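Participant: The active site, proton donor feature in Swiss-Prot is assigned to 320; the stated evidence is sequence analysis. The Ni(2+) 1 binding site annotation in Swiss-Prot covers 134, 136, 217, 360, and the record cites sequence analysis as its basis. What Swiss-Prot lists as Ni(2+) 2 binding site is 217, 246, 272, and the listing cites sequence analysis. As annotated by Swiss-Prot, substrate binding site applies to 219. Annotated domain 'Urease' per Swiss-Prot: 129-567, in sequence order. The feature N6-carboxylysine is assigned by Swiss-Prot to 217, with sequence analysis given as support.
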């Protein structure tokens with residue numbers, strides 16, 4: 001039997017079982033747990049390579065073969081870190097295993113035929129497209145920025161740069177919901193809209209859900225009173241949609257105890273649960289320990305650095321329509337920004353108490369930095385806290401699975417769309433992101449949306465090859481024309497489907513039905529199930545989880561930062 005060195009094999013076909021890969025310039029390493037390919041029968045495209053007629057490519061018709069195969073990919077997902085070929089059919093993941101020609105090769109589960117396109121993923125990492133569950137739809141250009149960061153799904157609300165949208169993630173009322181659903185139909189990203197949940201009577205909430213709101217948002221700027229919370233959750237239970245909440249920073253209508261009492265044992269998604277983005281001062285962070293609370297962070301506080309506190313005051317004044325000449329407005333802003341709770345947030349993420357990350361796009365958050373900042377937190381916690389059990393000093397597989405779930409599967413579960421998106425699993429939309437390991441979490445090599453490349457770095461269009469400078473991200477064919485409709489999905493509640501809303505509005509995109517989110521609990525948050533008793537000292541703002549003081553020095557230097565953005 002012929003043999004080659006591990007190094008030569010990895011250079012040719014990518015890493016295999018036992019090999020380690022460093023994630024960009026972080027302190028994080030992953031180890032390949034399983035290899036689905038067959039040694040000696042690997043497929044690779046190119047001159048003199050395997051995927052040729054009668055060799056790695058068979059004679060089957062399109063119905064029996066894949067539309068697209070990603071060869072020799074290193075998949076990083078909540079369920080594993082494995083080497084495999086990925087097959088895509090009709091825009092969905094159809095197989096994960098061994099690609100090739102079953103007529104002449106053993107173990108083939110991903111058949112390649114004359115109708116099959118190939119993307120070479122040797123030496124590349126493949127992850128699921130990210131889900132940003134805290135989007136202010138302030139401008140449509142957010143979509144391009146998000147796609148080039150590896151995010152392929154938006155959940156949020158808004159109508160453009162209106163004052164209400166600048167502050168709150170709500171698309172209020174049936175008319176605006178209809179117009180935003182029609183606008184979203186032309187955007188090459190999956191979208192679900194949140195209606196305004198602040199009402200003390202149910203009728204106006206029911207009509208928003210019937211008009212297409214996949215969830216409702218309670219926001220203090222509209223009045224997150226106990227009555228509004230109870231009414232909103234009652235309608236959500238009745239109509240099977242999720243509720244997201246930004247609680248009462250000023251504690252005017254009640255403190256955290258009153259909010260938790262109004263919520264009861266009903267499931268709710270708490271936004272920026274640390275509190276700098278808004279919420280009961282100083283102890284909204286306590287909510288992260290509740291069994292029915294699905295807690296997320298927004299990215300301005302992630303990770304805690306020497307600059308975090310200083311930038312927050314101005315952000316807050318702008319986004320929430322505050323006046324720096326009014327002392328009460330300044331006091332309101334300052335009450336939300338606490339070094340101690342911001343520092344504790346990183347640690348609670350590492351412990352698995354905070355389950356999700358998101359952006360808060362253009363409203364105290366950066367839409368293109370959800371993926372990047374999630375991994376900066378993971379790095380910082382590795383440096384500060386060491387390996388995370390059951391990891392060893394050799395690899396960080398469990399920590400990596402915990403963190404990737406925060407912006408993929410867990411927000412999908414939270415909003416009832418995990419049957420369509422959120423992981424690299426058979427049957428789901430082929431929303432896939434390819435990364436060169438050196439650029440992981442910073443600059444994708446390709447972004448695939450519903451089976452088509454939607455954006456990619458591309459060189460000089462008049463070049464003789466695709467790679468000459470200047471290279472920058474450009475929209476690809478998956479983002480154009482009717483291909484957008486065949487590769488993107490609009491999420492609607494069952495109530496909207498029952499009335500034929502998609503047909504009524506003339507929507508041409510794929511339609512996904514959000515459902516089952518009322519049954520989701522903290523225990524269902526993959527790799528992020530911890531429910532500690534969290535205490536906050538009202539004078540010092542020190543945070544304890546199950547009695548342990550959570551203290552973390554701010555970072556003065558981070559990976560995934562300046563060295564990647566010089567040009």
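Placement of Cβ uses the backbone N, Cα and C atoms for every residue, glycine included.
It should be emphasised that the depicted structure is a prediction, and the values quoted were computed from it without experimental measurement.
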Participant: Looking only at Cβ atoms, how many others are within 10 Å of the one on the residue listed as 'substrate binding site'?
Facilitator: 26
Participant: Setting 217, 246, 272 aside, what same-chain residues sit with their Cβ within 8 Å of the center of the Cβ atoms that define the Ni(2+) 2 site, listed in sequence order?
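Facilitator: Checked against the 8 Å cutoff, the neighbours are 134, 168, 169, 218, 219, 244, 245, 247, 270, 271, 277, 278, 279.
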Participant: Of 134, 246, which of the binding-site residues has the most Cβ neighbours inside 10 Å?
Facilitator: 134
Participant: Once 134, 136, 217, 360 are set aside, which residues in the chain still have Cβ within 8 Å of the Cβ centroid of the Ni(2+) 1 site?
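Facilitator: In sequence order, the nearby non-listed residues are 135, 156, 157, 168, 169, 244, 246, 271, 298, 358, 359, 361, 363, 365.
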Participant: In the three-state scheme derived from DSSP, which category covers residue 272 (Ni(2+) 2 binding site)?
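Facilitator: Once the DSSP labels are grouped into three classes, residue 272 (Ni(2+) 2 binding site) ends up as coil.
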Participant: Let me check the 10 A CB neighbour count of residue 360 (Ni(2+) 1 binding site). How many other CB atoms are there?
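Facilitator: Residue 360 (Ni(2+) 1 binding site) is surrounded by 29 other Cβ atoms within 10 Å.
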Participant: Work out how many Å separate residue 246 (Ni(2+) 2 binding site) and residue 219 (substrate binding site) at their Cα atoms, rounded off.
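Facilitator: Counting only the Cα atoms, the answer is 5 Å.
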Participant: According to DSSP, does residue 246 (Ni(2+) 2 binding site) fall in a helix, a strand, or coil?
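Facilitator: Once the DSSP labels are grouped into three classes, residue 246 (Ni(2+) 2 binding site) ends up as strand.
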Participant: Can you check which residues sit near residue 136 (Ni(2+) 1 binding site), meaning Cβ under 8 Å from its Cβ, same chain, 6 or more apart in sequence, and list them in order?
Facilitator: 156, 157, 158, 165, 166, 168, 169, 360, 361, 362, 363
Participant: I want to check the contact list for residue 217 (Ni(2+) 1 binding site): same chain, sequence separation of six or more, C-beta distance under 8 angstroms. What comes out?
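Facilitator: Within the chain, residue 217 (Ni(2+) 1 binding site) has Cβ neighbours under 8 Å at 157, 168, 169, 170, 194, 195, 196, 197, 243, 244, 245, 246.
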Participant: From the Cα of residue 134 (Ni(2+) 1 binding site) across to the Cα of the residue listed as 'substrate binding site', what is the distance in angstrom?
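Facilitator: Given the Cα positions, the residue listed as 'substrate binding site' is 12 Å from residue 134 (Ni(2+) 1 binding site).
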Participant: Once the chains shown are all counted, how many other Cβ atoms turn up within 10 Å of the Cβ of residue 272 (Ni(2+) 2 binding site)?
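Facilitator: Around residue 272 (Ni(2+) 2 binding site), other Cβ atoms within 10 Å: 27.
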Participant: Would you mind reading off the Cα separation of residue 272 (Ni(2+) 2 binding site) from residue 134 (Ni(2+) 1 binding site), to the nearest angstrom?
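Facilitator: Computed Cα spacing between residue 272 (Ni(2+) 2 binding site) and residue 134 (Ni(2+) 1 binding site) is 9 Å.
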Participant: Across the domain 'Urease' (129-567), what does the pLDDT come to on average, as a whole number?
Facilitator: 95
Participant: Work out the three-state DSSP category of residue 217 (Ni(2+) 1 binding site).
Facilitator: strand
